Each structure stands twice: as C-alpha cells, then as structure tokens.
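Colleague: Feature annotation from TrEMBL assigns domain 'Sulfotransferase' to 7-251. The active site, for sulfotransferase activity annotation in TrEMBL covers LYS16. Look at TrEMBL and you will find LYS16, GLY17, GLY18, THR19, ARG20, ARG99, SER107, TYR209, LYS225, GLY226, ARG227, ILE228, HIS229 tagged as 3'-phosphoadenylyl sulfate binding site. What TrEMBL lists as disulfide bond is CYS210-CYS220.
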Amino acid sequence: NLVQQLPRAIIIGVRKGGTRALLEMLNLHPAVVKASQEIHFFDNDENYAKGIEWYRKKMPFSYPHQITIEKSPAYFITEEVPERIYKMNSSIKLLIIVREPTTRAISDYTQVLEGKERKNKTYYKFEKLAIDANTCEVNTKYKAVRTSIYTKHLERWLKYFPIEQFHIVDGDRLITEPLPELQLVEQFLNLPPRISQYNLYFNATRGFYCLRFNIVFNKCLAGSKGRIHPEVDSSVITKLRKFFHPFNQKFYQITGRTFNWP
C-alpha cells in the first residue's frame with residue numbers, strides 16, 4: 001500500500017528558526033512521514049520546471065493515511081513560491097517557525113561565517129553587515145536582516161492563503177520546552193495526540209532535547225545545531241531590536257500569536 005504522496009503540510013520557514021528540529025520532532029508522530037532532504041522545488045526555477053511529478057518522486061514512501069511533510073526555509077522569503085504552492089494545493093497547511101528576529105539574524109550570520117571559515121575565507125563582522133556605514137541605520141539590503149522582517153514576507157503569502165492555513169511555531173520555546181509546541185502542531189494538522197514527554201529527553205551535554213522513537217532508537221540533531229554566536233556590539237543589538245519592533249507588533253496582530261520579544 002506504500003505510495004509517494006505530495007505533501008499536505010510544508011514547513012516554509014524561517015531559516016535558522018528551527019525548521020530541522022521541528023521536522024525531526026514531528027516525525028515522532030506515527031502518522032507523519034518526512035522528506036529527509038530540502039527539496040527546493042518551489043524556490044528553484046530549474047527544479048520547478050521539472051514539474052510536479054518530479055517533486056512527488058522526491059517524497060518518501062508512506063501509507064495513504066499518513067501526512068507527508070517537507071521543509072525548505074527559503075520558501076518563506078522567495079517571491080514566486082506562494083503562487084506556485086497555491087497552484088499545487090490551495091488547501092495545504094503551512095508551518096512557519098520563528099525566533100526572536102535579532103537572534104535569528106545573528107544565527108543566520110553565524111552559519112554563513114562558519115561556511116566561510118571552513119573554506120579559509122575572511123568575512124565581515126556582523127556589525128559591518130547589519131548597519132549601513134554611511135547612514136548608521138539598519139541595513140535592510142542585508143539578507144539576514146531582511147529575512148527577520150517576518151510580517152513583510154507573510155503579507156505576500158496572505159495574497160494566496162487565508163491566515164487559518166498557517167500555524168506559527170515558537171522556535172525559542174521549541175528549544176526549551178518542545179512538547180507544548182508540538183501538541184499545538186498536532187492539533188493544527190488534525191492529528192491524534194501521539195507525541196509525549198517519553199519521546200523527548202534533555203541531553204545535558206548538547207543542551208538540547210533529543211528524540212526517543214522507541215526503546216531501541218534515539219536520535220539527536222546534528223552537531224551544527226546550536227552553534228555559539230559571536231559577541232555582537234550591544235548598541236547594534238539595541239538598534240536592531242528597535243528596528244524590528246514595529247514589524248513584530250504587526251506580525252503579532254496578523255497571526256494572533258504574541259511573543260515576548262524585546
């Protein structure tokens with residue numbers, strides 16, 4: 001009875017919000033099957049041109065009653081994606097996982113920095129990228145800053161999908177207290193509650209929750225998760241938080257989910 005099904009739910013973003021952790025944790029549910037790789041179907045013109053059958057063939061085998069989920073964080077910020085997903089399935093459920101915007105931007109920078117260092121390349125300091133040297137204002141051309149303006153991207157999605165088709169996951173809480181967040185997602189996906197505290201245990205060495213599928217199979221996220229962030233000038237952090245504040249307020253208003261971001 002195994003088939004390759006198109007996703008009925010997609011984690012569309014955001015980058016460095018906790019998309020991998022969310023996908024792996026949802027996979028604890030017996031009715032959820034995950035695509036192991038980021039497919040980049042809707043945000044990559046070359047892949048998209050290969051057609052929907054190519055996309056379906058990238059999906060894992062599952063039973064008809066199971067929900068297939070994929071995650072590609074670039075979907076959230078790529079202009080063409082909402083319309084393309086709408087054309088595939090206008091009733092699809094969309095998951096967005098967010099973190100405090102300044103922390104997310106620094107995390108984004110840290111990942112790129114590590115990649116540069118691996119190739120022995122030098123890279124600017126975060127402060128130099130995030131603040132425009134000429135105006136001393138926040139540099140909105142810097143991708144890590146732009147990605148954190150969540151409301152701007154969400155408004156583009158709302159041209160195609162009603163807000164009821166989105167569920168916002170608190171990425172900061174998923175790290176410290178994952179179960180309540182996962183239970184909210186179970187409800188959103190109309191799944192019977194199956195993920196319990198038994199499936200999540202805190203690994204003190206890693207400082208993260210790891211996953212327990214059954215008595216013999218446990219899994220922790222890759223070592224690249226939870227990188228140490230570089231020290232960032234506190235005045236720059238203050239400036240960024242002030243900049244994001246009105247966008248955050250609007251995001252709370254649209255989504256009906258409030259976070260205690262500064």
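Cβ from N, Cα, C; glycine included.
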Colleague: Compare the Cα of CYS220 (disulfide bond) against each of the recorded positions LYS16, SER107, ARG227 and report the nearest.
Modeller: ARG227
Colleague: For each of LYS16, ARG20, ARG227, HIS229, count the other CB atoms within 10 A of its CB; which of these recorded positions has the top count?
Modeller: LYS16
Colleague: Taking the Cβ of GLY18 (3'-phosphoadenylyl sulfate binding site) as the reference point, list residues of the same chain whose Cβ is under 8 angstroms away and which are at least six residues distant in sequence.
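Modeller: Same-chain residues close to GLY18 (3'-phosphoadenylyl sulfate binding site) (Cβ under 8 Å, separated by 6 or more) are ILE97, ARG99, VAL169, GLY171, LEU174, ILE175.
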Colleague: Sequence gap of 6 or more, C-beta under 8 Å: which same-chain residues meet both conditions with respect to CYS210 (disulfide bond)?
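Modeller: When sequence neighbours closer than 6 are ignored, CYS210 (disulfide bond) has LEU200, TYR201, PHE202, ASN203, ASN218, LYS219, CYS220, LEU221 within Cβ distance under 8 Å.
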Colleague: Which ones in the same chain are close to SER107 (3'-phosphoadenylyl sulfate binding site), with CB under 8 Å and 6+ residues apart in sequence?
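Modeller: Those within reach of SER107 (3'-phosphoadenylyl sulfate binding site), by Cβ under 8 Å and sequence separation of 6 or more, are LYS16, ARG99, ARG227, HIS229.
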Colleague: Restricting to the domain 'Sulfotransferase' (7-251), report the mean pLDDT as a whole number.
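Modeller: Averaging the confidence scores along the domain 'Sulfotransferase' (7-251) gives 96.
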